[in-house]
Number of protein chains: 2
Amino acid sequence: MTGTPSSAPLRVALLGCGVVGSSVARLLTEHGDDFAARVGRPLEVVGIAVRRPGRDRSASGVDPDLFTTDAAGLVTRADIVVEVIGGIEPARGLILSAMAHGASVVTANKALLAEDGPTLYAAAQEHEVDLYYEAAVAGAIPLLRPLRESLAGDDVRKVIGIVNGTTNYVLDKMDTTGAGFDDAVAQAQALGYAEADPTADVEGFDAAAKAAILASLAFHTRVSGEHVHREGISDVTAADVAAAREMDCVVKLLAICEKVDGEDGAPGVSVRVHPAMIPRSHPLAGVREAFNAVFVDADAAGQLMFYGKGAGGDPTASAILGDVVAVARHRVGGGRGPGESTYADLPILTMGQALTRYHLSLDVHDRPGVLAQVATAFADHGVSIETVRQQTEDGPGERGASLVVVTHTATDAALSATVDALAALPVVRSVRSVMRVEGE
Amino acid sequence: MTGTPSSAPLRVALLGCGVVGSSVARLLTEHGDDFAARVGRPLEVVGIAVRRPGRDRSASGVDPDLFTTDAAGLVTRADIVVEVIGGIEPARGLILSAMAHGASVVTANKALLAEDGPTLYAAAQEHEVDLYYEAAVAGAIPLLRPLRESLAGDDVRKVIGIVNGTTNYVLDKMDTTGAGFDDAVAQAQALGYAEADPTADVEGFDAAAKAAILASLAFHTRVSGEHVHREGISDVTAADVAAAREMDCVVKLLAICEKVDGEDGAPGVSVRVHPAMIPRSHPLAGVREAFNAVFVDADAAGQLMFYGKGAGGDPTASAILGDVVAVARHRVGGGRGPGESTYADLPILTMGQALTRYHLSLDVHDRPGVLAQVATAFADHGVSIETVRQQTEDGPGERGASLVVVTHTATDAALSATVDALAALPVVRSVRSVMRVEGE
C-alpha cells in the first residue's frame with residue numbers, strides 16, 4: 001500500500017448507535033491498533049449521532065462525549081461516514097451531505113439502496129468518494145464484494161438467497177415442530193428473532209429490498225425495490241409445510257434473481273421474493289434457524305454458496321468494518337472501489353414472464369374422468385406435468401380424492417392461469433395448496 | 001470509476017495455455033464487450049506463452065497467431081500478466097520481470113506463493129503494481145478477497161478448509177462405498193480427479209501450500225509452506241473410515257489455520273493439514289465429491305462458510321478473471337489492492353503445541369484392570385477422556401476387547417505421547433486407529 005505523508009487519523013463519524021452502531025463503535029475502539037496497521041493510518045471515531053443523547057449507553061463502553069444530536073454537522077467533519085440509522089430520511093440526506101463534503105460512506109441501509117440507490121451512486125461518482133454497503137444484504141456474509149468483484153469476470157445466471165433470518169426461523173420452526181404460522185411467529189418474537197410488528201420481515205419487504213440490490217450487482221442492471229415481485233410467508237400453512245415434507249422438500253422464503261431468455265429470445269431479469277419448496281438435498285435446504293445463505297450459479301464458476309449470520313450487532317458490524325477498512329485504504333493509498341455498473345441494462349420481466357414450477361394439492365371428487373379433466377386443464381395452458389399422485393380419501397360426506405401435481409417449468413402466467421382454471425372445474429372441490437418449487 | 005483519457009485496450013499476456021489458460025483465453029474473447037464495460041477499457045490478449053507452439057489448440061478457439069515461446073519477451077509488453085504455468089521456475093522469474101516492467105500480475109500459483117510469496121509481494125510493492133491470486137486457493141470460490149478485504153475489520157480465529165478436491169473425492173468414495181484407499185484413488189484417476197502420480201494431492205502438499213496462503217491472510221503473519229505440519233491421507237484405512245462412521249463422523253483432509261494461546265498466554269498460529277474426523281452435522285461434512293468448502297470463524301462475524309468448485313478450467317478461470325477485472329480497474333481508475341499484511345507477526349506453533357482432540361481405537365486383552373491401566377496412561381499425560389466405549393470381542397486365540405476413546409482437547413504433543421505410552425502397555429495388543437477430531 002502506498003503511504004501518504006500524513007499519518008493523522010482518518011475521521012470516522014457514526015450515524016446511529018443502536019445494536020449495530022454500538023458494536024461498530026466498540027470494535028473500532030477495542031481493535032484500534034489492528035485497524036491502524038491494516039489501513040496504514042489510525043481510525044478515530046469523531047462523533048456518534050443519536051436521537052436521544054440522554055439515554056444510558058454506558059454498557060456499550062463508548063466515550064459519552066462522542067454522542068451528538070447534530071448529525072448534519074457531524075457528517076461535514078469526517079473522512080468516513082458509517083450510516084446505521086436505516087430508513088429513507090434522514091439517512092439519505094445525511095449520506096448525500098457527507099459525500100458532498102468529501103466523505104466516503106459505508107451503509108447497511110438496504111431500504112434506501114433499493115429505493116434510491118442510483119442517487120447515492122451518482123453522488124459518490126460526482127464527489128469521487130466510495131459508497132460501500134456489504135452489510136445491507138446477508139449481514140456478516142461476504143457476498144456483495146464477491147458479486148461486485150470476485151465474479152466481475154464471470155456471467156452470473158442465478159442468485160437464490162435466504163436473506164431474511166426472521167422468516168427462515170419461522171419456516172424452520174414450522175418444519176421441525178409442525179407449528180402453524182402464528183405460533184412460530186410468536187416463538188420468534190419471544191426469542192428476539194422477530195419484531196413486535198413483523199410485517200417488514202414476514203411480508204417479504206426486507207427480502208425484496210435485498211433482492212433488488214443483489215440483482216443490480218449480479219446483472220449490471222438497475223433494479224429497484226418496486227421491480228421485485230413480492231409474496232410473504234403469512235399465507236404459508238402447516239398443511240403447505242407438511243405437503244413439502246411429503247415431497248422431501250422444505251419451504252423457504254427465497255429471494256430469486258435470475259437471467260432468463262424472454263419470449264423474444266432476448267435476455268431479461270426476473271427478480272422475485274416468494275416462499276418456495278426446495279428439495280432437502282439442495283444446499284439451501286439445510287440452512288436452519290435465523291441463518292442466511294446465498295446460492296450463486298455463474299457460467300464459469302458453476303455453483304457457489306455463501307453461508308453465515310444475516311443479522312445481529314457484531315455480525316453486521318463485521319461487514320461494516322470490512323467496508324470501513326476498504327474505503328480507508330483508498331484514502332491512504334488512492335483509488336476507489338467499483339461504482340454502479342448498469343451497462344447491461346436488461347429488461348425486468350414481470351412475474352408472469354418468470355419461469356417457475358408449481359406444486360399443487362387439489363381436493364377432487366372421486367369420479368371417473370376427473371384426472372382426464374384436470375390433465376386437460378394443464379395441457380390447455382401448455383403446462384407439462386412432471387409428477388402426479390392421486391389418493392382416495394374417505395371422509396364425511398361424498399367420497400373424495402386428493403391429487404398432488406408437480407409441473408415442469410412454465411411461465412408463471414401459464415401456471416397461475418392453470419390454477420384458476422382448475423379451481424373453476426366442477427370436479428375440483430378445492431385447491432388446497434399451491435406453492436412454487438425451486439432447485440433441481 | 002474515474003475514466004482515464006486513454007481508451008486504448010489494456011494489454012493482457014497469458015503465461016500457459018493448459019486447461020485453465022485456454023478457459024481464460026476463451027472467456028476473455030467471448031465476453032470482450034462485458035469486460036470492456038466492466039473495466040472501462042477493452043482488454044486485449046496480446047500473447048499466450050506456451051512451451052510447445054506446434055501443439056494443436058484449435059479446439060480452444062484461440063487465435064493461433066497469439067501463441068509464442070518467448071515468454072520473457074511477452075511479459076515486457078503487457079499491462080496485466082496472467083500466470084498459469086504453475087511451479088516455481090520459470091513462473092517466478094517471469095512474474096518478477098513482468099512487475100519490473102510495470103505489469104500487474106494475476107496468478108493461480110499456490111506452490112510459488114507458499115514458497116516465496118514475500119518476494120513477489122515485495123516486488124509488487126516496489127514497482128507499485130497489483131499481485132492478485134484468488135484462484136490459488138479453492139478455485140472458483142471467492143475466498144481470498146473475503147479474507148483480505150471483507151473480514152479486514154474482524155478478528156479471524158479459525159479457518160478450516162476442504163481445499164483439495166482429489167482427496168475429498170477419495171475420502172468421499174471411501175465413506176460412501178466402503179472402498180479402501182487404493183481402490184478409491186484408482187476410481188479418482190479413472191475419472192480425471194487424480195493425477196497418474198497423485199502424490200502432491202494425497203500426501204497433502206497441495207493443501208499445505210493453500211493452508212500457508214490462508215493463514216498468512218487470516219492472521220496478518222508470514223506463513224510459508226515449510227511452516228505447515230502436513231499429513232496426507234495415504235494411511236487412512238477403510239477401518240478408520242468405518243470407525244468414523246460409528247461415531248457419526250466423516251473423515252476429511254482438512255487445512256486448519258488457527259489462532260491459539262500458547263503456554264505463555266501469548267497468541268500463536270497453528271497451521272496444519274491432516275485427515276480428521278468431523279461430525280456429520282458439521283457444515284463441512286456434507287461437502288461431497290471433488291467440491292471444496294472453507295469454514296471461517298471470526299470474532300464478530302461468527303461462523304461463515306464458502307462452498308463451490310475448487311478446480312477445473314472454467315471455475316479457476318472465473319477466479320482469475322475476477323482478479324483481472326480488479327487489477328484492470330485499478331489501471332483505469334487508480335489505486336491498488338491491499339498488499340502483504342504481516343504486522344501481527346505471530347509466532348508459528350509447532351504441531352506439538354497445537355490443540356487437538358484424538359479418537360483412538362485400541363485392541364486390548366480382556367482382563368481385569370485393563371481399563372484402569374489405559375485410563376491412567378491418559379491421566380499421566382494430563383489428557384482428559386470425553387467418551388470411552390469398551391466391547392468384548394470373541395475371536396481366535398485369547399479373548400480380547402476393543403476400546404474406543406475420544407479425548408477432550410489437549411496439546412498434540414501430550415496426545416501423541418499418550419498414544420506411545422498406550423502402545424507400550426502390555427495389556428494393549430495393538431493401536432488399531434488414531435485420528436484427530438475437529439468440529440464441535
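Numbering starts at 1 and runs along the chain as it is shown here.
Any Cβ shown, glycine's included, is placed from N, Cα and C.
Quick look at what TrEMBL lists:
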{"type": "BINDING", "residues": "B:Leu15, B:Gly16, B:Cys17, B:Gly18, B:Val19, B:Val20, B:Gly21, B:Ser22", "note": "NADP(+) binding site"}
{"type": "BINDING", "residues": "B:Lys110", "note": "NADPH binding site"}
{"type": "BINDING", "residues": "B:Glu195", "note": "L-homoserine binding site"}
{"type": "ACT_SITE", "residues": "B:Lys210", "note": "active site, proton donor"}
{"type": "DOMAIN", "residues": "B:359-436", "note": "domain 'ACT'"}
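Here the domain 'ACT' (B:359-436) has, by DSSP, the following mix of helix, strand and coil residues: 24 helix, 35 strand, 19 coil. Secondary structure at the residue listed as 'L-homoserine binding site', as computed by DSSP, is coil. In this structure, the C-alpha atom of B:Val19 (NADP(+) binding site) lies 14 angstrom from that of the residue listed as 'L-homoserine binding site'. In this structure, the C-alpha atom of B:Gly21 (NADP(+) binding site) lies 20 angstrom from that of the residue listed as 'active site, proton donor'. Counting in whole angstrom, the residue listed as 'L-homoserine binding site' lies 20 from B:Ser22 (NADP(+) binding site) by their C-alpha atoms. Every protein chain shown contributes to the tally, and the Cβ of B:Ser22 (NADP(+) binding site) ends up with 21 other Cβ atoms within 10 Å.
Burial estimate for the recorded positions (B:Lys110, B:Lys210): highest at B:Lys210, by number of other CB atoms within 10 Å. Secondary structure from DSSP puts B:Lys110 (NADPH binding site) in a helix. Around the Cβ of B:Leu15 (NADP(+) binding site), the same chain contributes B:Gly21, B:Ile48, B:Ala49, B:Ala71, B:Leu74, B:Val75, B:Val81, B:Val82, B:Glu83, B:Val84, B:Ile85, B:Ala91, B:Leu94, each under 8 angstroms and 6 or more positions distant in sequence.
Around B:Gly16 (NADP(+) binding site), the C-beta neighbours below 8 angstroms that are at least 6 residues distant in the chain are B:Ile48, B:Ala49, B:Val50, B:Glu83, B:Val84, B:Ile85, B:Gly86. Around B:Cys17 (NADP(+) binding site), the C-beta neighbours below 8 angstroms that are at least 6 residues distant in the chain are B:Ala25, B:Ile48, B:Ala49, B:Val50, B:Arg57, B:Ser60, B:Val62, B:Phe67. The binding-site residues B:Val19, B:Val20 differ in how many other CB atoms lie within 10 Å of their CB, and the one with the most is B:Val20. Listed in sequence order, the residues of the same chain lying 6 or more apart from B:Gly18 (NADP(+) binding site) and placing their CB within less than 8 Å of its CB are B:Val84. Mean pLDDT across the domain 'ACT' (B:359-436) comes to 91 in this model.
With respect to their backbone Cα atoms, B:Ser22 (NADP(+) binding site) and B:Lys110 (NADPH binding site) stand 19 Å from each other.
Around the Cβ of the residue listed as 'L-homoserine binding site', the number of neighbouring Cβ atoms within 10 Å comes to 13. Around the Cβ of B:Gly21 (NADP(+) binding site), the number of neighbouring Cβ atoms within 10 Å comes to 27.
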